[in-house]
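Pulled from TrEMBL, these are the features on record:
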- 5-282: domain 'FAD/NAD(P)-binding' (DOMAIN)
- 317-384: domain 'NADH-rubredoxin oxidoreductase C-terminal' (DOMAIN)
- 416-465: domain 'BFD-like [2Fe-2S]-binding' (DOMAIN)
- 481-531: domain 'BFD-like [2Fe-2S]-binding' (DOMAIN)
- 556-617: domain 'Nitrite/Sulfite reductase ferredoxin-like' (DOMAIN)
- 626-765: domain 'Nitrite/sulphite reductase 4Fe-4S' (DOMAIN)
- 785-804: region 'Disordered' (REGION)
Amino acid sequence: MSKRKLVLVGNGMAGVNVVEHVLKLDRDAYDITIFGKEPHPNYNRILLSSVLAGDTGLEDIVLNSWEWYRENEIQLHTGRAVTRIDTKEKRVYAEGGISAPYDELVLATGSDPFMLPLPGADKEGVIAFRDIKDCETMMETAKQYKKAAVIGGGLLGLEAARGLLNLGMEVQVIHIFDTLMERQLDREAARMLRMELEEQGMQFLMEKQTERILGGKRVTGLHFKDGSSIDADLVVMAVGIKPNVQLAKESGIEINRGVVVDDWMATGVPGIHAVGECAEHRGTVYGLVAPHREQGAVLAKRLCRLETEPYEGSVTATKLKVSGVDVFSAGEFNDGPETRAIRSQDEWKGIYKKVLLRGNRITGGVLFGDTSDSAFLLGCIREGREMTDEIHASLMGTATGGGGSAVREMADDDQVCDCNGISKGEILSAIRERDLTDVEGVKSCTKAGASCGGCKPLVASILEEELGEAFDPAASAKTPVCSCTDLTRDEVVDAIREKGLTMVRETMNVLGWKDPEGCPKCRPAINYYLNMVRPGEAEDDRTSRVVNEQRHANIQNDGTFSVVPRMYGGVTSPAELRRIADAAEKYNVRMVKVTGGQRIDLLGVKKEDLPNIWKDIGMPSGHAYAKGLRTVKTCVGADFCRFGTQDSIGMGIQMEKKFEGLDTPHKVKMAVSACPRNCAESGIKDLGVVGVDGGWEIYVGGNGGVNLRGGDFLCKVKTQEEVLEITGAYLQFYRETAEYWERTSGWLERIGLEAVKKAVVDDCENRKQLLKRVEKALDNYQDPWKADSKDQKTRQTLYEETRV
Ligand SMILES: Cc1cc2nc3c(=O)[nH]c(=O)nc-3n(C[C@H](O)[C@H](O)[C@H](O)COP(=O)(O)OP(=O)(O)OC[C@H]3O[C@@H](n4cnc5c(N)ncnc54)[C@H](O)[C@@H]3O)c2cc1C
Ligand SMILES: NC(=O)c1ccc[n+]([C@@H]2O[C@H](COP(=O)([O-])OP(=O)(O)OC[C@H]3O[C@@H](n4cnc5c(N)ncnc54)[C@H](O)[C@@H]3O)[C@@H](O)[C@H]2O)c1
Ligand code: SF4
Ligand code: FES
């Protein structure tokens, strides 16, 4: 008997998931034909954000290889859109004159990005972020252009913006409302999110409506309804999606916003079904993969003529995929007259949790900063659980991360991986049966973590709960430098030491980099590691530094730069102030501003004026743009203040003079206060010094930014010389052991205060060696502006050519 014929229109995640299920349920039920408009096999669209951010390679996102289609005898037509369905003859017609008969037809045509119909929207450089082609366009554009504008501050817009930042572009996000991700977050979580993203370098224009897109053939900027405008070389529209219903509509199938389906994913036309983003079920179109997977499971059973429960809709949950930011939202998230909220907020750790109740039933929630309990919360929402003391304690009790308590509360059939529908029980079985010990192992055996990756921390907690001390979090945390390599930071640094490498390109070549050009994430890191390991010997590759470091100035949102001269310990003189004032007038500086680090910031300097303004001011660079020592803030101290026990100004000046120009994995801020009243805020600095009777206390790992962290007490010393010694050894230990882009606060939490104490304070011989090496690094320092002023070619390429 000949097999029945199944045709799938749309070779995306939702449709192919149905086919996979059908093959599992009844391998021989169908002859299968798939049509896909894109020229690729089925790939993981979710991971396009990671590809753009440089965390994953395009080659790693293929879900079903060409081989898979062949092995399963699937007739695949890629690059061919289906243009017509003859519902009477039961046949589809595609581009290129191909047609195929069907008994059962699945429409999984997904969505098209919504493009705002603005004047100028057809210009070159105006794109969406939906497929591989868009991703490639952005990566190519970033090689040539510098300014990106992303319209839409939703999930997609923010993930696009993060990726573009990683590609070295300056990114402005234009959002129509006054809070980001207003479809997923309440105001508080949105506020914390914005602060965190601003810290990462994203700029926001809120409550802005774009009126037209400027430029000739190619986009040059955006003009807004309020009359303002910005420059842009690339515009990415991320303002939502619209289900792709054209084919269904033209074939007489009922559509509304999407293709209308019943609880078995059937349309009103016999033999035709729809799943995924093109389908509308009970008035809802779902734009996330978890509901599509649930729909697919029901449809596949139906196609295999097996008994199945109906699909009754999904409770959706979202996680933003931006590294360094943990945000989760599910169900209801805004307070209403009939809801009650349980909130907890830890501003020190940057954690915010809110759970909403209707009566006593858990109906939604938002987690920011620590999302390790997200699966447990989602399980509670999905099952409509009543709040109990135990659940309350698990969700709100400790805000310390790790997800430990909630993991214990989870039942075996609670879902851990939403994207792939994997339960805690399935993960535990895989760990036990296959002796798995790390997250990667669980991912390859069960698929948990293989899509958005949001469940990986929870998988790690399950491993920890199951294996106890045998679980090695470091093995699970083995993260490559970026998607250009499988090597970790430590492996790269070891190779640089062992193989005597001195150049960025040479390093990528010798270590078998997948992309010989590297990417904006790895190149600055390799350049730093080379110079850290071989100061004076390694070639400092300026083109591998981030744009602000290349120009020794911070670029501002209008394309001008800021100039911050160094003022040791925050102390200046009338002569310096006069020169600053003259320069501010001569170069029409838009604003002169005193910074939080006790410096003077000249804002709004034109790129071409940078070398001359520095010459006129005649002061050293303040490195306000650098991953290096920024400022040493001081209080007025014993010379002036009646509480002062020590000379904080003198100490601060010495520290700043000693360590200025030292490259570090991330910015370093220091402060010296002359008594525990701490007027210079020594407690929230990367290194803070506090004068006390008979000496100085030293605090480390503080951070006054979004992730507010009080510094840990490292040691007490007696003399100024000892402060300089401990500071030098501490900075060198940080330089040698931190990941590039890692602040001291995160680094300290990762490696532990005890390790720092041992290396820097307790082990005198080690401290001596660290100091030797930091001296060597400092030997090679020269003021960047003095160096540039002697180099005509650099001046021309970096400051005089038109493009930033
Ligand atoms: C950058 C990005 C990040 C995302 N991140 C997440 C995330 O973290 N979590 C999450 O849950 N979701 C995420 N999403 C959303 C998720 O990717 C989609 O919901 C999901 O891919 C939709 O699957 P689908 O198969 O319904 O549609 P699609 O993936 O759009 O697939 C439909 C396919 O059908 C093709 N097609 C259309 N018409 C025809 C035709 N007439 N003939 C032949 N082929 C046709 C299309 O070209 C397309 O290849 C993200 C989306 C993007 C763009
Ligand atoms: N991590 C994830 O789960 C993830 C990531 C990316 C995309 N996605 C999915 O992909 C789809 C598309 O994402 P999206 O973010 O484009 O859709 P969205 O609808 O979630 O967000 C669009 C955002 O654009 C804003 N906006 C609308 N018009 C605007 C205008 N004229 N100017 C400025 N802002 C405007 C809206 O206020 C909204 O916040 C969604 O289904 C989303 O769920 C999910
Ligand atoms: S920290 Fe102490 S010594 Fe310094 S200014 Fe404040 S009160 Fe005075
Ligand atoms: S929840 Fe997305 S991969 Fe597991």
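Backbone N, Cα and C atoms are what each Cβ position is placed from, and that goes for glycine too.
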Cβ pairs under 8 Å between the domain 'Nitrite/Sulfite reductase ferredoxin-like' (556-617) and the domain 'Nitrite/sulphite reductase 4Fe-4S' (626-765), at least three: yes
Secondary structure composition of the domain 'NADH-rubredoxin oxidoreductase C-terminal' (317-384) [DSSP: H/G/I, E/B, coil]: 9 helix, 34 strand, 25 coil
Stretch in 5-282, 416-465, 626-765 most in contact with the domain 'BFD-like [2Fe-2S]-binding' (481-531), if contact is a CB pair under 8 A: 5-282
Helix, strand and coil residues within the domain 'BFD-like [2Fe-2S]-binding' (481-531) as assigned by DSSP: 28 helix, 1 strand, 22 coil
